[in-house]
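S.K.: I'd like to ask some things about the structure below.
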Amino acid sequence: MDPAIGLTPYDVHKHVGFLKHLMIRTGRNISTGTPEVMVNFVTSCYKPDVLMPLVDKITKIPEVVSVINNVNSSVGNSSVGEQEYTLYGKPNITEMLRGLAFQISANSFFQTNTKQADVLYKLIEDSAGLKGDGSEIVLDLFCGTGTIGLTFARRAKHIYGYEVVPEAIEDARKNAKLNGINNATFVQGDLNKINESFGKEFPKPDIIISDPNRPGMHMKLIKWLLEVKAPRIVYVSCNPATCARDLDYLCHGVEEKDLRGFYELKSVIPVDMFPHTPHIECVCLLELR
């Protein structure tokens, strides 16, 4: 609160100030099970000398194992910075999910409710209906840190994951190595900007998992899904409106784009991921007609 220290809050109207966001992520030490806390300061510029007195106080808390500074110099309100600096400890924390260990960095996506994420991922696995004989190719779209695909890996022939955030792909590759999984390939790419070459670098998938963010899937991706005709698609969504739109496209086609639908919606299971809010995740199973 002391203006002399220089920790001024960022004013979104005047575009002045230093502190933009504070993000706190928690995980667990995989050896001891004790809590791990990452503190991420998002600032408008890089001034480590201004932050360090605060960092020194925070790191007296034993659970704090990582202090990160993301620098977002743009006028936008994003919590993801153009530059990332580790001010204390490790650049990531770990969490356990469905018997696997996952490294999580400041900017990579990981479900906020780990207990319900376990429930969610079991439903996704059940919906996918893997044979378990190691014969099937799984394509994991919007894969984040690889959590969904890696939980399938021991029952599949190969997992191919796609994600736009480079840090998340880096985490996904580390997570595969951390868990001794060798049949997973993670590729950094924007699924909203795919072209004719997309799909050439992997075999035809038997199962596709798609877990887009709130805007849902781009029409280019819908078109590709209707062309490749995988036997099963598991669509995971945090936005029922765009979920309903995309399911409609996959089942009934898009008349104005001259696209035919080829899928039948078999089940929709809502999961309460965010207690005391109206928000849910939906796990939807589509099968080729």
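Glycine is no exception: its Cβ is also placed from the backbone N, Cα and C atoms.
Annotation comment: TrEMBL describes Gln111, Phe142, Glu163, Asp211 as S-adenosyl-L-methionine binding site. Summarising the annotation, TrEMBL assigns active site, nucleophile to Cys238.
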S.K.: Please work out the number of neighbouring Cβ atoms within 10 Å of the Cβ of Glu163 (S-adenosyl-L-methionine binding site), leaving out its own Cβ.
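M.R.: Around Glu163 (S-adenosyl-L-methionine binding site), other Cβ atoms within 10 Å: 26.
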S.K.: Can you give me the residues near the recorded S-adenosyl-L-methionine site, meaning same chain, not Gln111, Phe142, Glu163, Asp211 themselves, Cβ no more than 8 Å from the center of the site's Cβ atoms?
M.R.: Phe109, Asp140, Cys143, Gly144, Thr147, Ile148, Pro212, Asn213, Val236
S.K.: Across the listed S-adenosyl-L-methionine-binding residues, Gln111, Phe142, Glu163, Asp211, what is the farthest Cα to Cα distance, given in whole Å?
M.R.: 15
S.K.: About how far apart, in whole Å, are the alpha carbons (Cα) of the residue listed as 'active site, nucleophile' and Glu163 (S-adenosyl-L-methionine binding site)?
M.R.: 17
S.K.: For Phe142 (S-adenosyl-L-methionine binding site), just count the other CB atoms lying within 10 A of its CB, please.
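M.R.: The answer is 21 other Cβ atoms.
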